[in-house]
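Data first, discussion second: the structure below is written as structure tokens.
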Amino acid sequence: PLVFSISYGVDETELPASYGRDFDVIAMKLGVRGVTILASSGDDGAVSPTASRDSMRCGYNPSFPATSPYVTAVGGTMGPENHTPEVVCQSDKGGIITSGGGFSTIYATPQWQRKQIQSYLDAIGTGSTGTGGLPGKGAPLAGYNTDGRGYPDVSALAFNYIVAVNNNFTAVSGTSASSPVLAGMVALVNAARIADGKSALGWINPMLYQLYDAFAIDITEGTNNCASTGHVCCGHGYSALAGWDPVTGLGSVNFRTFKQALLALGDHPLTPTAAPTVIPGFPTASPTAANSAAPTRSPIAYPGIYKGWMYLTEYSNTDCEGDITSVSGVPVGVCLIQYNANNKAIGSVQYNCNEVEATVSSYASTTCQESKLQQRQYFGTGCAPSVQDSYYLDPSTAYGTSLQFSVRSQENNVDVMTPPVPVTSAVMDYVMQSTYDDSHTPCEPALLSGYSTYLQNHCFDVQDPNYGDYSYKFVYPKVYVYSTLGCSSHKPQVESLSDTCSAIDGRRRLSSISS
């Protein structure tokens, strides 16, 4: 491939010297061959990812490989997805993540970037001796390297991308989204250049700083002093200004003019010819604290800080306005123990949610210990179409799903363990299955850990790659399971339900309700 996008990063303070040198040599070789390398600038602003969990870790922590002069570092913006002006993507303004940026402590300012960085330093006035001007336009707190390579180089939208994962549509955010977007733009330009008999772009950084007036949308609003999730905002960070800045770089890329400018170049784009300049004092031995560059968390979802219920509602049509066919609810911000068929605790799960995203975190421990995290899934809130076939969107098999969050405040003495009940325009009967988080105290109401409701006499189709097609419907107190779709086979399997505490782990109860 002629384009690579990298979505991992590590603090420069943890980067083994040999790793950085080897990476740069390989990047230079690829650049000469016409390969373009792009990297996410990071999702925690000017600070370290650890600052998102610990305010004592505030400080300038530039991220490699975004700081390497031989990759194009891509920051993040937001706004147009909500039909508002484009600004810095920042967690404290609802952006989930904050555009990474700053100045390298390893690499000196490249010649092709010096003019823009000097303009930025002149604009803030006091260089590295500032006392902090966030969220205004004053000089940043002291501690950053005015002689270092500045990043990002450019930016793209980094908020609320809708992706499909396992038949579910979800919203994700991060510079791990904006970097691949710019990589796609470069790939399209390469295709057009090759079709025109020209070479691929290769290393593009010098070209960007020469031609930015032709394609860059200058971003002048926002800061990057907050870590992802917005829980921790530091004094360390930068403000977006006119021209290049260590928040969004030269600005957001307008693809139409970007393509025009790079298509007009001749057949010999600039390629790296010299080894990177290393600032004196860069360690010559690998720190023992790090073995290699580790992937960053991306996409990043907002941890739930409220008690309440998160519930997934399924509708009979795709606009989420038809009859409710099922609702599943789980408490938010509560560590729930998971049991196997032998009633043995095997782990735990915790659900978190905000206005735009929800997370489901599974742990190997029974206490939701972060170091024992096994999997974290991300889902977007709001209405979205869902399909029964993962390979294509067939309108005949599509239905609507809506993920919502119901906040219940403990401070107001509201019972946070009481789930919402389906509400429809007509009176309809539902079957409810309740799950409880303790097998030793069967079906104790105070230990309710989840519930699902199903519309009676509604056919639920399932297309499973492992078990094949089947369907089922509830007619309380029975459930009918069919070997075909559409609940049409003549001899379904029939299972009787009970409104008493079930023998399944001693933790479930089935009952009939009406809305």
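Each residue, glycine too, has its Cβ placed from N, Cα and C.
Per TrEMBL, the features are as follows:
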type: BINDING; residues: ASP218, ILE219, GLY243, ASP245; note: Ca(2+) binding site
type: DOMAIN; residues: 1-265; note: domain 'Peptidase S53'
Exercise for review: Take the Cβ of GLY243 (Ca(2+) binding site) and count every other Cβ within 10 Å, whichever protein chain it belongs to.
Suggested key: 18
Study note, to complete from the structure: Given the binding-site residues ASP218, ILE219, ASP245, the candidate whose Cβ has the fewest other Cβ atoms within 10 Å is ASP218
Practice item. Using the recorded Ca(2+) site (ASP218, ILE219, GLY243, ASP245) as reference, state which further residues of the same chain have their Cβ within 8 Å of the centre of those residues' Cβ atoms, listed in sequence order. Key: ALA216, THR220, ALA240, LEU241, ALA242, TRP244, VAL247, THR248, GLY249, LEU250, GLY251
